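Contents: one structure, followed by commentary.
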Amino acid sequence: MCCVAAGCLRAGRQVHAAAVKRGPYYCRHAYIGTKLAVFYARCGALDDAERVFDALPVKNAFAWAAVIGLWSRAGLHGKALAGYTAMLEAGVSVDNFVVPNVLKACAGLGLLGAGRAVHGYAWKAGVGDCVYVMSSLVDFYGKCGEVEYAREVFDAMPERTVVSWNSMLMGYIHNGRIDEAADLFYDMRVEGVLPTRVSVLSFLSASADLEALDGGRQGHAVAVSSGLEIDLILGSSMINFYCKVGLVEAAEVIFDQMVERDVVTWNLMISGYLQDGQIDKAFSTCHKMLESGLKFDCVTLASIIMACVKSYRIELGGAAHAYAVRNNLESDKTVSCGLIELYASSGRIEHARGVFDSIRWRDIVAWKAMICAYADHGMGSEALKLLYQMQLEGTSPTAACWDSVISAFIQNGQFDDALKTFNEMLLTSTRPNLRTWSLLISGLSRNGMHTEVMNLCCKMQEVEQAPSPTIFSAALLAVKAAASVHYGKAMHACIIKKGLLLSKSVMQSLLNMYGGFNDRGTVDSLLRFLAAAQ
């Protein structure tokens, strides 16, 4: 067992070889074989452990616990569960070493029912109140989304270890219950329990994603009071949190205090400045990054290009493009799409198309970026050609792609082309969205094409099994703008038929429309209906 304690796999193999040389008695001896299986399992030598385990004439609880634990730690959750079943079938009693590993396997496979069965068996086996088993149950229920069960087990524990507290904390974090995690953080500090580094990082990450300011600040305070070193990973996590909640100055303080910074740290700070609108600081930080001896990666370049778009520094964006070409970063899709937007924003559509054509594997984001570039400059025909090419190359346009083409035609007054494109869209698997209907209805209405508006409203009712209140509101707004009483009343009748009269947005749009028509009688009638319905 000295080899186990030292983790010396080579020495352990030598002992094993010596046992084999002494004859079959030693290599098949149950006690020696079990010790060897445990040794290999604790050293993570999967093949050796399985080979010794399979050769054991009698497999006791220690041997089963060793291999089940090994399978569980290696992520072979199916094997761990199969081993647990075989162990029970062999009549070997489960102990408090086996149950935690089996629960870990159940959590890894998301098998809530199986884990509950293990929970029940643990009580029958007399290990249900073991602190290690209960900590594993807290972890299991938390990972399976059953936070209340996890808390029930946690509260029932006669004594709690650091593992128990952190398992409960991670359960709250993984299920997005950041307020309860913050409360538990406070309780841990009161009890004098230090959270682990992993739990602090997870807490900060969840606080950032949910923009939970108080929670993230508490996580920062706990990290400091616990004496955790603010290294690359923890420091970057804090910077990410403060940038996401808009406290860029706080992120800047941590950034300046960090002794070591990598590309990720610099990128987070640059992105934070951009999100906060501090374009000049973003540029100066990029310059400092180069001075520190680090090179830009695709994330840095994408941020620089976006800063150039926002600040209209096209020439600087061109320099970023040149850097991308020199460092083989142009093929990154985020960089390429940023360059397309950069050149399109300055009217250099040919440059944007050149970048697009250089992309070897185009995804939906790249196609959309170039289609939008054409559409934003009123080049509807070019946008439509590209949309056709997109389909020919096997990529299905999203509703946003179709919307861009339709919008370009409407901007140019090409209403027939807009309607033709819309009808082509209806023949595909892509359904029109709110913006599609709004673009067409408002565009046609503004240009006095009332018949087309009414036909489109009828088509909307045919295509949409249940047109949303928002779409009806957009249609009513268009009818009001066109001052078409006849079409407005027809829409009103349709709304009643669809049972949407009590929708707040629809009712408000109806009142606005009739108010625009100076139809005070209908407005009063609608108000009386609304009062009676409430």
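Any Cβ shown, glycine's included, is placed from N, Cα and C.
Curation plays no part in TrEMBL annotations; they are all automatic predictions.
The list of residues near the repeat 'PPR' (161-195) in space but at least 6 beyond its ends in sequence, with Cβ under 8 angstroms from a Cβ of it, reads 131-132, 134-136, 138-139, 141-143, 145, 147, 150-151, 154, 202-203, 206-207, 210, 212, 214-215, 218-219, 222, 225-226. Annotation comment: TrEMBL describes 161-195 (among others) as repeat 'PPR'.
Per TrEMBL, repeat 'PPR' is recorded for 231-261 (among others). On the 0 to 100 pLDDT scale, the model's mean across the repeat 'PPR' (231-261) is 94.
The repeat 'PPR' annotation in TrEMBL covers 262-296 (among others). Same-chain neighbours of the repeat 'PPR' (262-296): 232, 235-236, 239-240, 242-243, 246, 248, 251-252, 255, 303-304, 306-307, 310-311, 316, 323, 327, 329, counting only residues six or more beyond its ends whose CB sits under 8 Å from a CB of the stretch.
Same-chain residues lying 6 or more positions outside the repeat 'PPR' (363-397) and placing a CB less than 8 Å from one of its CB atoms are 333, 336-337, 340-341, 343-344, 347, 349, 352-353, 356, 404-405, 407-409, 411-412, 414, 417-418, 421, 428-430. For 363-397 (among others), the entry in TrEMBL reads repeat 'PPR'.
Long-range neighbours of the repeat 'PPR' (398-432) within the same chain, counting only residues 6 or more positions beyond its ends whose Cβ lies under 8 Å from a Cβ of the stretch, are 364, 367-368, 371-372, 374-376, 378-381, 383-384, 387, 390, 439-440, 443-444, 447, 449, 452, 463. Residues or ranges marked as repeat 'PPR' by TrEMBL: 398-432 (among others).
According to TrEMBL, the feature repeat 'PPR' maps to 433-467 (among others).
Long-range Cβ contacts of the repeat 'PPR' (433-467) within its own chain (Cβ-Cβ under 8 Å, at least 6 residues beyond either end) map to 399-400, 402-403, 406-407, 410, 413, 415, 418-419, 422, 425-426, 474-475, 477-479, 481-482, 484, 487, 490-491, 494, 498. When Cβ-Cβ distances below 8 Å are used as the criterion, the repeat 'PPR' (231-261) is approached by residues 197, 200-201, 204-205, 207-209, 211-213, 216, 219-220, 223, 268-269, 271-273, 275-276, 278, 292 of the same chain, each at least six residues removed from its ends.
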